[in-house]
Each structure stands twice: as structure tokens, then as C-alpha cells.
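Single-structure report; data block below.
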Amino acid sequence: MDQVKFSREVMHIKDRGSRHLSQETVKKLIHRSQEAKKQAYSPYSKFRVGAAILTTDNCVFTGCNVENACYNLGVCAERNAISKAVSEGYRNFTAIAIASDLDDQFISPCGGCRQFMREGEDLITSSISFFFFSLGQIGMCTYQSLMAHT
Ligand SMILES: O=c1ccn([C@H]2C[C@H](O)[C@@H](CO)O2)c(=O)[nH]1
Ligand SMILES: [Zn+2]
């Protein structure tokens, strides 16, 4: 996890490998992830997560976590958003924003989601950036830094 470098301010986004994304785009994507979080079905963990993934042709797909009494049938917000996009024929992504109710740390994809995204370039382009929002701050990391120790 210490390989993941979070920028402390939105201004630093340009320095972290997503030059093509404006601050406005990132803020909108984060907002969409926060809206998606409101749809979370998480009666067991009581932990709401929302994700919004941006395709290279500027479509946004959102997802929330959907839990189940059989816990491992539940799906994370990230996988939900990715699966929705893939189901609609979109496989090339620029960025994904993830929101949770944690207010003291950035949410980070679980091991299962990292495995899911490790599938390769046919599913997730390795140039995708990850954005997180907490305490009024936006953090980001690259695919490579997120996956460094997986
Ligand atoms: O990055 C994450 C981490 C957790 N969860 C979900 C899974 C489960 O429903 C709940 C508690 O782990 O949060 C996500 O959707 N995304
Ligand atoms: Zn997950």
C-alpha cells in the first residue's frame, strides 16, 4: 500500500499520469460515484460503496455494492460498474472513482476486485486511473501502483 501515492490536492492530478482528464471531469466522476453509493444494498456490512467508471469515449457507468445473505454472492461497487460497462459493449476505460462512507481514509479496491481487474488489457486498460474522495480531498493512483503488490 505504501506504493500507492495519493495526491493531496486536485491540482496534482495532472502530474500523476492522467493529463487527459480535467479537474472538472474528475469532480463529476466523483460526484457520480457518490450518487451511486446511495443505491447500495448493504444490510449486512452497513458499508455503502459507489463507483463510477469513465470510458474512453466519455460514457459513465455507475455501480454500488449489492450484498446477499450468502455473502460471497454479493458484488462490490467497482465490479458492478465494470460489469455494467462491459455488458453494454464498453471495455476501454480512462478512470474510475470510488466513494464510501469512510471519512478518514480513502477507500481502496478489495483483493477480489483487483483480481477481477488483473484480467488484462481486454477487460481493463492498464492506463486507467483511480480516484478516491475523502475529507474533501481527492486522492488518485495509477493502475500500476494499485496493482504493484498483487
Ligand atoms: O472497494 C470496496 C470495498 C468494499 N466494498 C463492499 C463489499 C461489501 O459489500 C462491503 C463491505 O466490505 O463493501 C466495495 O464495494 N468496494
Ligand atoms: Zn471489491
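These residue numbers are counts, starting from 1, taken along the chain as shown.
A Cβ is built for glycine as well, from the same backbone N, Cα and C atoms used for every other residue.
Some features that TrEMBL has for this protein:
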- 24-150: domain 'CMP/dCMP-type deaminase' (DOMAIN)
- ASN65, VAL66, GLU67, ASN68, ALA69, CYS70, TYR71: substrate binding site (BINDING)
- CYS76, CYS110, CYS113: Zn(2+) binding site (BINDING)
- GLU78: active site, proton donor (ACT_SITE)
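Less than 6 Å separates the Cβ from ligand 1 in the case of CYS76, CYS110, drawn from the binding-site residues VAL66, ASN68, ALA69, TYR71, CYS76, CYS110 in sequence order. Taking all protein chains in view, 24 other C-beta atoms sit within 10 angstroms of the C-beta of ASN65 (substrate binding site). In the set GLU78, CYS110, CYS113, none of the recorded positions has a C-alpha within 10 Å of the C-alpha of GLU67 (substrate binding site). Annotation note: ALA69 (substrate binding site) sits in a coil segment as assigned by DSSP. In the vicinity of ligand 2, defined as a Cβ distance under 6 Å, none of the binding-site residues ASN65, VAL66, ASN68, ALA69, CYS70, TYR71 are placed. With DSSP states grouped into helix (H, G, I), strand (E, B) and coil, the domain 'CMP/dCMP-type deaminase' (24-150) comes out at 40 helix, 35 strand, 52 coil. Each residue contributes its Cα atom, and for GLU78 (active site, proton donor) and VAL66 (substrate binding site) these two points are 11 Å apart.
Neighbour list (CYS113 (Zn(2+) binding site), Cβ cut-off 8 Å, at least 6 residues apart, same chain): CYS76, GLU78, ARG79. Note: the Cα of TYR71 (substrate binding site) and the Cα of CYS110 (Zn(2+) binding site) are spaced 15 Å from each other. The binding-site residues considered are CYS76, CYS110; of these, CYS110 has the fewest other C-beta atoms within 10 angstroms of its C-beta. Minimal Cβ crowding within 10 Å, among the binding-site residues VAL66, CYS70, is found at CYS70.
Neighbour counts of Cβ atoms within 10 Å were compared for the recorded positions ALA69, GLU78, and the top value is held by GLU78.
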